[in-house]
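**Q** Would you mind keeping the following structure in view while I ask a few things?
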Amino acid sequence: MAEDVSSAAPSPRGCADGRDADPTEEQMAETERNDEEQFECQELLECQVQVGAPEEEEEEEEDAGLVAEAEAVAAGWMLDFLCLSLCRAFRDGRSEDFRRTRNSAEAIIHGLSSLTACQLRTIYICQFLTRIAAGKTLDAQFENDERITPLESALMIWGSIEKEHDKLHEEIQNLIKIQAIAVCMENGNFKEAEEVFERIFGDPNSHMPFKSKLLMIISQKDTFHSFFQHFSYNHMMEKIKSYVNYVLSEKSSTFLMKAAAKVVESKRTRTITSQDKPSGNDVEMETEANLDTRKSVSDKQSAVTESSEGTVSLLRSHKNLFLSKLQHGTQQQDLNKKERRVGTPQSTKKKKESRRATESRIPVSKSQPVTPEKHRARKRQAWLWEEDKNLRSGVRKYGEGNWSKILLHYKFNNRTSVMLKDRWRTMKKLKLISSDSED
C-alpha cells in the first residue's frame with residue numbers, strides 16, 4: 001500500500017531535481033511510521049471520547065438521583081405543613097381554606113412514590129378529616145363500594161391512625177359509629193341506617209354497650225331519640241377537634257413552620273422604613289433565618305436517611321382514598337343546582353347557607369379579604385320577629401343545642417347553626433324566650 005502511494009505521487013526531491021526519483025527504503029519506512037502514528041492518534045482520540053461519555057452520563061445520573069431525593073424530602077416537608085394547615089382550617093371552621101389546602105395536599109400526595117410510616121400517618125389524618133367534613137353528605141363517595149358512607153370510611157381510617165387506643169380514641173370511635181347511623185335516620189333513610197348498622201356491628205361476637213340500644217332506635221325509627229341527643233354530632237365534632245389540637249401541637253415543630261417562624265421573628269425585630277430597599281432586606285433576613293435553621297435541615301435530612309429503610313411503596317389506595325373522587329365542585333347543597341359532589345367541608349352546611357356563601361363572594365373586590373366581608377354582611381342582618389318565633393318553636397320541639405335540625409325544619413333568613421346558637425343566647429339574656437303566646 002505504501003509503495004502504491006509513493007509511486008503515484010511525485011517525490012519532493014524529484015520535483016526539485018526536475019525529474020522523478022524512485023523512493024528509497026528509508027523514505028518508505030518513514031512514511032509507514034507516519035501513517036501508523038496518525039492512525040494510532042486517531043484511535044486514541046476516539047477512545048478518549050468513548051471513555052469520557054460514560055463518566056459524564058454517570059455524573060448526570062448522580063445529579064438526577066440527588067435531585068429526586070431532595071424533591072422527596074421537600075415534598076415530605078410540604079405534606080407536614082399542609083396537614084398542619086388542614087387541621088387549623090378544620091378546627092376553626094374555615095371551609096374555603098380547608099378545601100384549598102385539601103386540594104394542595106392531594107397534589108403533593110399524588111407526586112409521592114414512596115412513604116415513610118410517619119408520612120403515611122399524616123395522609124391518614126388528612127383523609128380522616130376530609131371524610132368527617134363530608135359526614136352529613138350521604139352521597140359522597142370515598143370507597144370503591146358505593147354503599148359506604150363518609151363516616152363509615154372515616155371509621156375505617158381512624159383505626160389506622162392511632163395504634164394506642166386511649167380514652168379519647170375510644171370516645172371518637174364510638175361517636176362515629178353512632179352518628180353514622182343517626183345521619184342516615186335524620187335524612188329519612190331508615191333502610192340505609194339498618195345497612196350501616198349491619199356493616200358496623202355485623203360481628204355476632206362483638207359486645208358493644210350501645211349495640212342493642214341502636215337496634216331498638218332503628219326499629220322504632222325514632223330519629224330524635226334522647227340517645228342521639230346525648231351522643232350528638234356536635235359532641236363528636238368537639239372530640240375530634242380535641243384530637244386535632246393534639247396533632248397541631250405535634251406538628252407545630254415541623255421544619256417549614258420552624259423556618260417560617262424564624263423569618264417572621266427576624267422581620268419583627270427590625271424596623272423597616274418605606275425608604276429601605278425591601279428586596280435587599282428581605283433577602284438578608286431570609287438568609288439569616290436560613291443560617292439559623294441550617295441545623296434543623298441537617299437534622300431533618302438525618303431523620304429522613306434513618307427512616308429510609310422503613311419506607312413503603314405508595315399504594316394506589318393511599319392516593320385514591322384521599323381526594324381522587326372529590327372533584328365535582330364545592331356547592332353540594334345548592335337550592336337551584338342539585339349536583340353530585342364528593343367531600344368538601346361545606347357539605348355539613350345547609351342549602352341556603354351554601355348558596356348565600358357562593359353569591360356573597362361574587363361582588364367582593366380583589367383588594368379586600370373575603371372572610372371579613374362575609375362577617376360584616378352577616379352582622380348587618382337584623383333578626384325578624386318571625387325568625388325569633390321559629391327559633392323558640394324549634395327549641396321547644398327539638399331541644400336546645402340541636403341547631404342544625406331547627407335550621408332544617410324552620411324558615412330563617414340565610415342563617416347558620418352558629419347564628420341560631422348566638423341568637424338564642426341573646427334572647428335568654430333579654431328574657432325573650434318566655435314570649436310564646438304568639439306561637
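From the backbone N, Cα and C atoms, a Cβ is placed for every residue, glycine too.
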**Q** If you check Swiss-Prot, which of Lys221, Lys325, Lys379 turns up marked as SUMO2 cross-link?
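**A** Annotated as SUMO2 cross-link in Swiss-Prot: Lys325.
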**Q** So which range, 195-220, 247-272, 403-428, gets flagged DNA-binding region in Swiss-Prot?
**A** 403-428
**Q** Including all protein chains shown, what's the count of other C-beta atoms within 10 A of the C-beta of Ser219 (phosphoserine)?
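**A** If we count other Cβ atoms within 10 Å of Ser219 (phosphoserine), we arrive at 10.
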**Q** By DSSP, what is the split of the DNA-binding region (403-428) into helix, strand and coil residues?
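**A** Computed counts for the DNA-binding region (403-428) are 19 helix, 0 strand, 7 coil.
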